[in-house]
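Chemist: Below, the features straight out of Swiss-Prot:
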type	residues	note
BINDING	28, 91, 130, 472	(6S)-5-formyl-5,6,7,8-tetrahydrofolate binding site
DOMAIN	225-391	domain 'TrmE-type G'
BINDING	235, 254, 256, 259	K(+) binding site
BINDING	235-240, 254-260, 279-282	GTP binding site
BINDING	239, 260	Mg(2+) binding site
């Protein structure tokens, strides 16, 4: 059976672990006849063929042609329907050397298995009713998780909280459609139809659906991450802060102006938000053509940032009694939220710090975070402030612990359902014929079905599973 680019039933095999030296490697199989086919390369073929589901065997992988031992392995046996894919399945757990993992995989391919497509195991779990699309997508979320919060969000969807939330809304929407159908079928039977349908019934569905749509805005930054740019004039301390946040010496630190001529990138997280952090060239006019390119890149990256940490040298502010005009204009005109960071805190006394705060307040710039990258003072406060700004910018200070969305695809489907329901609600208030309103309600129900996979197309399935790695 063929669904989109995937077929069902035929035996497939894939390497499920990274191809690099490791303690263990896993080669997995699934499909009709998988147990019998796998027994052809196992030292105890009869035991494997007769093994019960959810059992483990110990033995060797043998090359059927040369009869030579390949590796000592543990074999996990699953019988349909009680497996991840819902099919018979065998997994070989071997030593994790690249050559031995590839050898076992090639032996399986030579003995009747087909190479699996990316995401094909999870697709089969979906097609065989072992998981809906929200759970299938959650599998990929967990694989790609970068922080504990990523894992927590994905685990909630994997456990079925989004599926349950959608099913509850679909149940309520189905009841509204049924109520409208009663009035359509029995317009003159007051005892049967009167009061069965009202616009308020639609409104009661719109509200939780709005909350669900809003959950993506609040959560996507925890899933997709944020782009945080360190900006400021030369020698403001950007590279020192870059190193301090990473807790390693990645960027060259020098008193020479224009040392950083291009951007550096590193990954970290601010209290659970995955961040791509960029150290950029100092912003200044320069006749050095190479440095000028770096400056332009700094400005471009700042325009595309989710958050800018704009660094200022306190000596310049104190000596001038004001913030440099270019710095002030950058902070006030930036498209992204800006946290003003005053560096070299270890060189400032209390009076100087308060003076700087007063100067910035007079120029209507939010209170800065004052740090010392050298002494690590203020770094924690800066990280917490960055988290607060990034989370607030999504419209939430955290994330939903109940049903919540985990992908753009899910958000788009919810928004389409919401748009149709709002139209239906408005039309019902204006007295449109009920049969037209029911058409809108049924369309909304179809959009919600796309989220769980109850309503599906090849395009939807390709969109969901194309991002999966081979072996999952």
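Think of each number as a place in line: the chain as shown, counted from 1.
Note that Cβ sites are derived from N, Cα and C of the backbone, with glycine treated the same way.
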Chemist: Between residue 239 (Mg(2+) binding site) and residue 281 (GTP binding site), how far is it from one CA atom to the other, in Å?
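Modeler: Residue 239 (Mg(2+) binding site) to residue 281 (GTP binding site), Cα-Cα distance: 9 Å.
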Chemist: Pull out the binding-site residues from the set 235, 238, 281 whose C-alpha sits within 10 Å of the C-alpha of residue 91 ((6S)-5-formyl-5,6,7,8-tetrahydrofolate binding site).
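Modeler: So the list reads none.
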Chemist: Measuring Cα to Cα, how many angstrom lie between residue 28 ((6S)-5-formyl-5,6,7,8-tetrahydrofolate binding site) and residue 238 (GTP binding site)?
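Modeler: Given the Cα positions, residue 28 ((6S)-5-formyl-5,6,7,8-tetrahydrofolate binding site) is 48 Å from residue 238 (GTP binding site).
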Chemist: Need one number: mean pLDDT over the domain 'TrmE-type G' (225-391).
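Modeler: Taking every residue of the domain 'TrmE-type G' (225-391) together, the mean pLDDT is 83.
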Chemist: When DSSP states are folded down to helix, strand and coil, where does residue 91 ((6S)-5-formyl-5,6,7,8-tetrahydrofolate binding site) land?
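Modeler: Going by the DSSP assignment, residue 91 ((6S)-5-formyl-5,6,7,8-tetrahydrofolate binding site) falls within a strand, counted as strand.
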Chemist: Nearest to residue 235 (K(+) binding site) by Cα distance: which of the binding-site residues 130, 281, 472 is it?
Modeler: 281
Chemist: In sequence order, which residues at least six apart in the same chain have a CB under 8 Å from the CB of residue 472 ((6S)-5-formyl-5,6,7,8-tetrahydrofolate binding site)?
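Modeler: The answer is 16, 118, 119, 121, 122, 139, 140, 143.
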Chemist: Enumerate the residues of the same chain, 28, 91, 130, 472 excluded, that satisfy the criterion Cβ within 8 A of the mean position of the Cβ atoms of the recorded (6S)-5-formyl-5,6,7,8-tetrahydrofolate site; list them in sequence order.
Modeler: 16, 30, 83, 84, 85, 89, 121, 122, 125, 471
